[in-house]
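Going by TrEMBL, these are the annotated features:
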- Ser150, Thr277: Mg(2+) binding site (BINDING)
- Asn363, Lys364, Ser365, Asp366: GTP binding site (BINDING)
- 1-16: signal peptide (SIGNAL)
Amino acid sequence: MRFLIVLAFFFVFTNAQFFNRRSIAMKKFVEVLEHFSHSFEKPGNGKVFFDSNFQFKTTEDGIKTTNQFLNFLSIVGPRRFFQYISSARFDNTDQLIAITNFKEVKWETILKPYAGMGATSSVRNTLSLFQANGEQPKILVLGCMGCGKSTLVRQFVKQSRSIALKNSYYAHTVQYNLLVVFRGLRAVCDDLNLIYTPVSADFDIINEFRHREDLSEKVVTSLRNIAKAGLFEECQKKRRVLQLPINYNYFMQHTDRILNPNFVPTDTDIFMSYSITMGVNTEMIRIGLSRFEVTELPGHHIFRRYWQEYFNNTSVVCFVVDLSELCDQAFYTGHLKDKTVGIYQDIIKNPLFNDTGFLLLFNKSDTFEEHSAGFDFRKLASHLRTPHEALSFYRSQFSSISPKNRTYHHIVSLIKFQNKEVSQTLFDSLNRIFKKQREKTQLE
């Protein structure tokens, strides 16, 4: 009933009472949103913080209160709002939104009814800041940035035939991933001493472009010019694995299709794309006769400090590990080598998880197989010589500290989750964990 009332409210306000003020409000709202996106892009121009009452804290004037925000939303309309806010750039991870006191934000009564009305996955994640009702087993999905947490949740939703967002809403995200790959190609050419003078101006165009709206014709032309120049193929001749985002092969193969004006992403396009999770993503899924609540938490260090607020009443922790990191030279510098193991160790030591089951997913096995041939793994351990040895050693670092009789390990490629064997194996592990927990409860 609440959902119908709020929908009716927005229909009236966006199409009748505020019609005359719509263009003025739209202009002001866009100015405010651009102010926020500029704050993210320019370090030193001030960060944007949302407090527990959804008040904006900025170094300049902006929207100050919840009421003003909702007033703008009612005038502009939810679809246009989501289409615009989803295009804000969040690729500078040092300028992420800092959100405090997640539990106090009453998102389910403020904005949740509009999730899916034109929203991209990142926006939908932001709108899902609500707590569990405790009626269904709670599955908590954790891991570092880019390990595949969102892919796992989306695959869970798809397998349970829950309602998901239309693929067309993800076009912006997929195109941005393509843009990132092409931007990185110039640095690879410089590293390999390849001449790219004929398309130097095209590289300048795509580097200067700010991807807030659809790709402009000028940018599309430049991307096609660079693709036709054959630089990518020349780089591959000199080096088998390039220092580009791990999804570079896929996007280079599908450049023409993604740049088509009528492009609609496939499921594989979405699974192969990366976008930062903002906020908390909670989904209700059904597997067989059982219902589960799946909650995904962001992996960035800014958000990890708030993880513990969601640890209560957790039945299973799905911890996702990115195997492709082992084939990245950056993994062996600074603190990154032991970061994932350290985070996992902190989790299993938490007393709130004394009776919790653990599902360890070593993800991106396909990327590891593709990139590991010929890689020197002695930086991981001096005795390692082959990819198989490296994988076994890395896996043992987690298994040796995992809770006994409560942990299941699987090496997977979550983008190939449609394989029934893979999905059934994971669901079997979940069912075994829940069965043990029910039996323990009955004994007590």
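Glycine residues also receive a Cβ, built from the backbone N, Cα and C atoms like all the rest.
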Discussion item. Return the residues near Asp366 (GTP binding site) by Cβ distance under 8 Å, restricted to its own chain and a separation of at least 6 in sequence.
Written reply: Ser413, Ile415, Lys416
Practice prompt. State the three-class DSSP label for Lys364 (GTP binding site), counting H, G and I as helix, E and B as strand, and everything else as coil.
Written response: coil
Worksheet, complete the sentence: The rounded CA-CA distance in Å from Thr277 (Mg(2+) binding site) to Lys364 (GTP binding site) is 18
